[in-house]
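Among the features that TrEMBL reports, domain 'Cadherin' is placed at 11-51, 56-161, 162-270, 271-384, 385-493, 490-616. Under the heading transmembrane segment, TrEMBL lists 631-659.
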Amino acid sequence: FQVVTTGNPVLDYETMPKSFDLQIFVEDTAGRTDLNVLTVHVTDKNERPVFRGNMAIQTVTIYVLERTPLGRIYQVDAADPEKAELKTNFLWSSFQYSLLPATVPFLILESGAIFSTKEFDYEKDPHSYFLNITVTDPGGLNSTKTVNIKIININDEVPYFTTKQRIYRIPEEQSPGTIIANITARDPDDEGSPSRLFYSIQSSDRYFSINPATGVLHVTGRIDRDALPLQRHPNISVIVRVEDSPSGGHASEMEITIMVEDINDNPPECNPFTFRREANENTAPGTFLLDLRNYCKDIDVDPSNNQFNFTGLSGFGSNNFALESTASGRLVMTESIDLENPANLGVEVYSLTVRVQDIACPNYSNMIYIYIRIKPVNEFFPVFSNLSYEFNVPEITKVGSSIGRVNARDKDRPPSVITYSIVAGGGTRDYTNIFWISPTKGDVKILARLDYETTQKHILTVQASDQEKSATASVTVNVLEVNDEEPVCSPNFYSFQIPVSLAVGTNINGFRIECQDRDSDPRSFRYFINEGNVNNHFTFSPSAGSNSSRLILASRFNYESGFDTNWIYRLHVFITDDNLLSARDKATRLVKTGTVTLSIRVIPNPTTVIATRPGFTVVTKRENLYSESAWYVPFVVTLGSLLLLGLLGYLGFLLATWVCTSCPPAGRVDGAPLINAPEKKKPKKEVVVTMTKLNTVFDGEARDPVTGKMYEFNTRSGARRWK
């Protein structure tokens, strides 16, 4: 029989008992047994050193940042199984450490500390090292483990641009999004892997932008080479920045220049595009009218793009005008224009168009509109339709009436404005002008009443003027006689007394009226009592055909029977001038009537005949009736009256004060008492009041200089009213 180890667990001197007592029990087939003790002593054996920690179970990976200063990067931990204690203290450890390969920039000390011997650069040095660490005990046994050292890259490199081009040329007016350049850069830290760089434009730029991830530079704003500031400075400097971190990283900058080139993108512009010029008719051919080049320009910067011509003169009447050359733009007349020519009748403005066009492609153009007004020249004198005019006007024609019209024209086209005026004639002793002519229409009107008996004919000189030239014509106004004068009798009022017993046929008190009429024959007078002749006691003889007639008692008074009751007769006598007219003419012809008023008192059987006629007082009142439009007349009269009354009252007050202080009381002489003397009766006087209403006659007409309205006026009183 053999005693063997099971191997589970393996005998270990350092960790297990140093001896084992095994009881061996033996039994034979006969059933006899025996028991004995077998003592097994475990002896110590030199074993290989063992690594402790992570190295005992795995390959240790050590990470070292690049640019890390020289120094310890790891501590190897190993132990000897024969020892009860760990052999890690380099002061008393008997282990020896070594590493392979020997060329690596690392070393290991006796204490097991691994040190780096250089400062690593990730971009230049290997990124990983594998070190074989061997630990050997004094007995020569060793163990080996692998340590992997990885160099960790850090952001320690500045990115750099790989794009070499610095100047780019682009035409203006590129659409947004157009790619100008693809800016590229590299970061040494990203060697072997895609770079993670960030692009930006440092300078403030309104024309371009850059993709922050790809570095693609493209157009974002309008690039107009013809506008400021590119007009003067066509080169745009852009500073591009590349960073390896959106914040706090390394960065590089590069300046690129973008040169903007001009293109023909603008048509010629004219300011203004519409021109208005004037030329006199009959202007000589070749006369210069307008230089279009002074008003047009092309704002393209490049001279090859801003040249233009003038072409295509067209429009109504363009055959009368021409351009000297397509380059000059000078417009001249080619033919003289006569407005009186039937071919030009009604034409005052010629409408022309001219095209201003680029010489360079794509030949942009604009239209110019020219309006030329042909100014009429006053070449002809006005001509009256008649050499003389004759108007027959009744003398009773109302003031302000039109009595005729004159008419003048001239051959100028368009027709000139004719102004009419009276330059001579038409005046009388009382009125400077009794005629007025409408300045625009030629209507002749009367400003004052015509009087055949004063002037039978007026000869006027009328002028027609077109402001430069004038002509005159004679106007004869024949005043036609009309029965417009009333018979005027003397006396026109009489008052007397007659006895009741006066004999029939008696010429009462020898009364006779004498009448005259400026425009009627004395035989045309007819006398009749229109009112007040109660019971027809009175008549006139002769009753017609004479300018003198007597008042006759036609019948006796009869008061006793009650036939007569009136003792006072007021007779209204009418004197007409129609005695010579037939009954038919009386109905159509104008008849004028004069009036005489008689007051007759019948005396009942007087005992004493008073030879003298009774005294009477005639009070005449005159009232001037003004038009409502002459409001200022009563206002001025009222104001003046109030001022006069106030002055008179003040003077009366002063006089009364002076009398009271200076004179003794009236009615006493030497203290004698006052005696009431009998009043002496005054003979009664008959007061006859006549009232004559004077209607204001407006015998003049004029135009108000402020409002331009026509008004009528009385040449004697100055009263006015709007027409």
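Every residue, even glycine, has its Cβ placed from backbone N, Cα and C.
Sequence-distant contacts of the transmembrane segment (631-659) (same chain, six or more residues past either end, CB-CB distance under 8 Å): 719. Away from its own ends, the domain 'Cadherin' (11-51) comes close to residues 3, 5, 76-84, 87, 95, 135-137, 139, 141-143, 145 of its chain (Cβ-Cβ under 8 Å, at least six residues beyond either end). Helix first, then strand, then coil: DSSP counts for the domain 'Cadherin' (11-51) stand at 0 helix, 20 strand, 21 coil. Counting residue by residue with DSSP, the domain 'Cadherin' (271-384) contains 13 helix, 51 strand, 50 coil. Across the domain 'Cadherin' (490-616), DSSP helix (H, G, I), strand (E, B) and coil residues number 12 helix, 56 strand, 59 coil. When the domain 'Cadherin' (162-270) is classified with DSSP, helix, strand and coil residues number 3 helix, 44 strand, 62 coil.
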